[in-house]
Amino acid sequence: MQLNKFIGITDLQDIDFSFCNYAMSKALTEFQEHLKQSRRIVALVGAGLSVSSGLPTFRGAEGLWKNFNMIDLATPDAFYIDPGLVWQFYSWRRHNALKAKPNAGHHALAQLSKVPDLEFLTITQNVDGLSARSGHNKNNLYEIHGSLFTLKCTSFMCNYIEKDNMKVPLTPALRDTEFEYQPVRRKRRMIDYDSITMEQTEELTDEVAISPQFVPVKELNEKDLPQCPVCQDGSLLRPGVVWFGESLPLQELNEIDDFMEGGPVDLILVIGTSGTVYPANSYVDRVMLQGGKAAIFNTDIDDKILRGEVANTWGFKGDGAELLPLALRPLIEKDEQ
Ligand code: BJW
């Protein structure tokens, strides 16, 4: 799936829909007409939805993985090779996700999850727990990449799982790694070739904020990492997230499949995801192949798409946390009455 193929409009950040231009207002009107008629809706959520809550995305210049290879942090092999490094990464993220609060976008989906007579699912790839904490109906929320707050035993012989473990730090040795996301400031050279000579460029620097960087604090021994309370041999616990190469939770996938096959889905809301990871990205095509329409909420929608060339697709460019409550207003306002 390519998110880039969606119809977009002008940049909507800080702009209320009432002030938007013609293309935008046309897209919004069409979208909301379809929304009001939709009986079966799916929301596919990614890291962009939590940006307004202060949590970073994964990919791109602002992403968590710009200074670390994901293969070194988010695979079973990475954990096998250096569980201390991987636990520091997840410990850091647990700490920051716990401090974050659900934003207006999470709350808008939570409201949608409770609209009577609407068949609705949120499929979130996020492991930060913010959708659950926003009051989303738990029966139609699927955290398909797991949760930072689930712990699982690594022993093949043991099926110990603990959910909703909010303890911070999990062990004394992890205390130092639970520091806050500090946007790192880096000098960047600003070059305006029209107004300056090359000799001057060295002096023209500016400080820009870039995204938080994971910096492992120390080497940790296995004995200082979270241990399974059930296993006699002191097996390690691991974060209950889905790493590359691992299966997604089968029961959840089956329930999502049942929903998808239970009748055509009228609309899929694709919110703050790059759509690069399988199988999450396949849901958009599945809905569209059944005749459903897609609405994309993302800060990055290609110019080509902004010209509006793709059928059955709307693109709303901007912060998902701001756009969703406005776009979903017809249904969630009805719900509030
Ligand atoms: C905003 C915004 C704002 C910013 N408002 N928007 C070759 C080799 C090996 C494997 C494969 C292979 N080819 C394919 C695979 C399969 C693989 C895969 O897809 N790899 C691709 C990278 C190619 N998939 C798997 O391995 C999966 N397992 C699997 O397929 O098993 C087989 C199986 C399937 C089904 C049933 C049974 C078996 C597992 C994938 C697990 C992914 N896990 C991670 C890490 C989780 C733990 C953790 O959090 O650390 O999940 S990867 C990472 O990517 C994380 C995310 O959930 C996921 C998606 O990222 P997301 O959310 O899209 O974030 P970004 O950063 O990519 O995008 C953010 C977007 O927000 C951007 O578009 C911004 O523009 C936007 N944005 N600000 C709105 N304010």
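The backbone N, Cα and C atoms fix where each Cβ goes, and this holds for glycine too.
What TrEMBL says about a protein is an automatic prediction, not a curated fact.
Quick look at what TrEMBL lists:
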- His145: active site, proton acceptor (ACT_SITE)
- Tyr90, Arg93: substrate binding site (BINDING)
- Gln125, Asn126, Val127, Asp128, Gly272, Thr273, Ser274, Gly320: NAD(+) binding site (BINDING)
- Cys153, Cys158, Cys228, Cys231: Zn(2+) binding site (BINDING)
- 21-334: domain 'Deacetylase sirtuin-type' (DOMAIN)
Close binding-site residues near Asp128 (NAD(+) binding site), where close means Cα within 10 Å, chosen from Tyr90, Cys153, Cys158, Cys228: none
Any further residue of that chain within 8 Å (Cβ to the Cβ centroid of Cys153, Cys158, Cys228, Cys231) of the recorded Zn(2+) site: Thr154, Ser155, Met157, Tyr160, Pro229, Val230, Ser235, Leu237
For Cys153 (Zn(2+) binding site), the three-state class that DSSP assigns: strand
Cα within 10 Å of Asn126 (NAD(+) binding site) - qualifying recorded positions among Arg93, His145, Cys153: His145
For Val127 (NAD(+) binding site): intrachain residues, at least 6 apart, with Cβ closer than 8 Å: Arg93, Ala97, Glu143, His145, Gly146, Ser147, Leu148, Val241
Largest tally of Cβ atoms lying within 10 Å of a Cβ, found at which of the binding-site residues Cys158, Cys228, Cys231: Cys228
Binding-site residues listed as Gln125, Asn126, Ser274, least Cβ neighbours within 10 Å: Ser274
